[in-house]
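Q: Just dropping this structure here.
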Amino acid sequence: MSTPLIEMDNIEKHFGPVIALGGVSFNVMEGECHCLLGDNGAGKSTFIKTMSGVHKPTKGVMRVSGQDVAFSSPRDAMEAGIATVYQDLAMIPLMSVTRNFWMGREPRKSFGPFKWIDFKHANKVTMDEMSSMGINLREPEQAVGTLSGGERQTVAIARAVHFGAKVLILDEPTSALGVRQTSNVLATIDRVRKSGIGVIFITHNVRHAMAVGDRFTVLNRGQTHGTAKRGEIKPEELQDMMAGGQELAQLEGSLGGTV
Amino acid sequence: MSDERIKQVSAIRRAMIRPELGAICGTILVFVFFFMIAGDSGMFSAEGVQNWGVVSAQFAIIAVGACLLMIAGEFDLSVGSMIGFAGVVIAILSVQWGLPVWLSIIAAFVVCMAIGALNGFLVIKTGLPSFIVTLAFLYILRGLTIWLSILTTRQTIIGGVKEAAEGDPLAWLFGGVIFKGFFQWLGDIGVIETFTRGSRMGQPVVDGIPMLVVWALGLVIFGHWLLTKTRFGNWIFASGGDAQAARYVGVPVNRVKILMFMFTAFCATVFATCQVMEFGSAAADRGLLKEFEAIICVVIGGALLTGGYGSVIGAALGALIFGVVQQGLFFAGAESSLFRVFLGGILIFAVIMNTYIRRMITGER
């Protein structure tokens with residue numbers, strides 16, 4: 001339990017003269033939901049892209065289960081058990097749920113030199129996995145486009161879990177969703193966490209983070225402002241740290257604490 | 001957590017939401033129409049069927065390639081020029097250089113598929129729309145074809161391929177007919193007409209199924225199976241549906257697209273080879289406008305111009321509609337220029353239909 005599933009130690013990332021990440025440390029344990037909060041431009045995207053193998057860190061060490069790693073592609077990260085669910089790019093709307101679910105890893109049957117997708121098996125597994133996530137599909141052949149935003153995120157999460165993700169990185173899964181869909185996704189995160197997977201939940205919504213997070217790390221202008229455990233910090237403090245302090249406190253005063 | 005606002009979808013509606021729907025209706029309409037206006041003109045005799053069957057098969061061959069490529073999210077406007085180019089390559093190599101026909105055919109396939117790969121490579125590497133890249137090749141290939149043809153023979157038509165192909169082991173695969181015995185028997189028992197005079201007296205007017213039709217059927221079956229049943233087919237849909245999302249889950253999008261450009265080139269070369277073997281000659285102006293005709297077949301077949309959705313069966317039906325109407329107007333004695341009016345009309349209609357069907361599938365409003 002003491003070794004983090006993934007550990008980012010003092011990661012720096014420079015793009016030319018711009019220091020996008022200036023020494024960020026972050027880790028996630030088994031069965032934990034670690035929220036990464038930050039305002040737009042704080043470096044959240046750069047950070048998750050570094051974790052998921054899209055970018056290589058300029059400095060710093062990444063460890064997976066205690067071992068030093070250097071990913072050269074998203075494929076490497078996936079093989080190490082790190083799955084990323086991107087907000088808009090999770091699913092292809094015109095394709096069926098089954099086709100999306102298995103995309104890139106289709107189960108096959110073969111006869112001599114001919115190989116084809118085992119749709120019977122694929123459909124059954126898709127239906128089972130979806131109902132275990134609390135979504136009852138009408139049929140596995142229905143297009144993903146017919147699902148709501150929250151359901152699409154859930155399909156993507158179910159897919160990552162089914163294919164053996166140990167760490168699940170969720171890039172603002174709730175930011176485009178309505179109230180009810182958001183609670184569905186948060187419930188899914190909770191379910192996934194209980195199965196022992198480490199969840200990294202990226203968001204700028206403090207309330208969503210508070211609902212499921214075990215630990216909270218705030219990223220601001222490429223720096224971490226420390227990590228707090230659940231119960232040690234108030235939502236207002238997180239909000240302040242994200243915005244960098246004073247200005248928001250004043251703003252919030254004039255808005256009556258509604259932000 | 002079922003949503004009470006989603007109505008149970010009826011079986012009929014579900015059957016309707018498929019890419020081939022428009023093409024199926026269109027095919028039925030077209031056949032009914034021509035049965036009524038040209039039923040007694042010989043259009044549906046053995047010879048008539050062969051006539052529009054061959055034309056439809058030609059369209060189908062290039063439509064299969066264009067269909068898979070369009071679903072993968074790209075276009076190829078160089079198909080027509082490639083048909084002319086492949087034909088001239090075969091004729092120059094076999095007639096002018098004296099190479100065996102089989103070797104000339106293989107060479108044409110290799111060269112054309114390499115050009116297809118180059119098309120794909122340029123599209124991937126430059127990130128330019130395939131529309132522009134292949135438009136360039138439409139001109140480059142046509143120009144090269146005319147230049148090569150004039151350079152080697154001082155004319156734009158190269159004849160003599162039929163003589164060169166006599167007894168060739170591979171030429172038969174593109175120019176011959178199969179089931180000759182069966183058709184002779186049909187002729188003997190009077191199911192199909194036989195020649196009553198001349199050197200072919202007693203032979204049936206249709207002596208077998210042309211290899212062109214066999215190729216068309218084979219490519220349609222292969223394309224449909226590949227697209228709907230295999231892992232690679234799933235990757236074709238994914239590459240055209242959302243290339244970036246597909247990349248994130250490990251689909252080799254670039255490889256898929258380049259292979260589809262090569263497959264389109266393969267189909268164009270099959271078309272060209274069959275044509276050269278049938279006419280016994282190659283001409284530099286062959287294949288004009290074929291790229292657009294292929295795309296129209298595909299769109300009638302229900303594919304979206306933006307990629308990610310479509311059907312090979314639909315494209316094949318589009319080709320059938322195309323062939324039946326083109327030849328049917330001739331049988332009906334109608335002005336053949338009206339064919340183009342029909343094409344333009346049906347193209348607009350098909351695109352509007354497809355957009356509507358797409359909305360039904362994805363639930364967009």
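Counting begins at 1 with the first residue displayed.
Here the Cβ of each residue, glycine as well, is placed from N, Cα and C on the backbone.
Unlike curated records, TrEMBL annotations are generated automatically.
The following feature annotations were taken from TrEMBL:
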{"type": "TRANSMEM", "residues": "B:21-39", "note": "transmembrane segment"}
{"type": "TRANSMEM", "residues": "B:51-72", "note": "transmembrane segment"}
{"type": "TRANSMEM", "residues": "B:79-99", "note": "transmembrane segment"}
{"type": "TRANSMEM", "residues": "B:105-124", "note": "transmembrane segment"}
{"type": "TRANSMEM", "residues": "B:131-150", "note": "transmembrane segment"}
{"type": "TRANSMEM", "residues": "B:170-187", "note": "transmembrane segment"}
{"type": "TRANSMEM", "residues": "B:208-227", "note": "transmembrane segment"}
{"type": "TRANSMEM", "residues": "B:258-280", "note": "transmembrane segment"}
{"type": "TRANSMEM", "residues": "B:292-325", "note": "transmembrane segment"}
{"type": "TRANSMEM", "residues": "B:337-357", "note": "transmembrane segment"}
Q: Could you tell me whether the transmembrane segment (B:337-357) and the transmembrane segment (B:292-325) have 3+ CB pairs under 8 A, leaving out pairs under 6 positions apart?
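A: Between the transmembrane segment (B:337-357) and the transmembrane segment (B:292-325), which are separate recorded stretches, there is contact, as judged by 3 or more close Cβ pairs.
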Q: Should anything in the same chain at least six residues away from the transmembrane segment (B:105-124) have a Cβ under 8 Å from its Cβ atoms, list it; otherwise answer none.
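A: Contacts with the transmembrane segment (B:105-124): 74, 76, 78, 82, 85-87, 89-90, 93, 99, 130, 133-134, 137, 141, 170-171, 174, 254, 257-266, 268-269, 272-273.
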Q: Hey, which bits of the same chain come close to the transmembrane segment (B:79-99), Cβ under 8 Å, at least six residues off its ends?
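A: Here the qualifying positions are 62, 65-66, 105, 107-109, 111-112, 115-116, 137-142, 144-145, 148-149, 152-153, 158-161, 164-165, 264-265, 267-269, 271-273, 275-276, 281-292, 294.
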Q: Among B:51-72, B:131-150, B:170-187, B:208-227, B:337-357, which stretch has the most Cβ pairs under 8 Å to the transmembrane segment (B:258-280)?
A: B:51-72
Q: Any residues 6+ beyond the ends of the transmembrane segment (B:337-357) with a Cβ under 8 Å from its own?
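A: That would be 17, 19, 21-22, 26, 296, 299-300, 302-305, 321-322, 325-326, 329.
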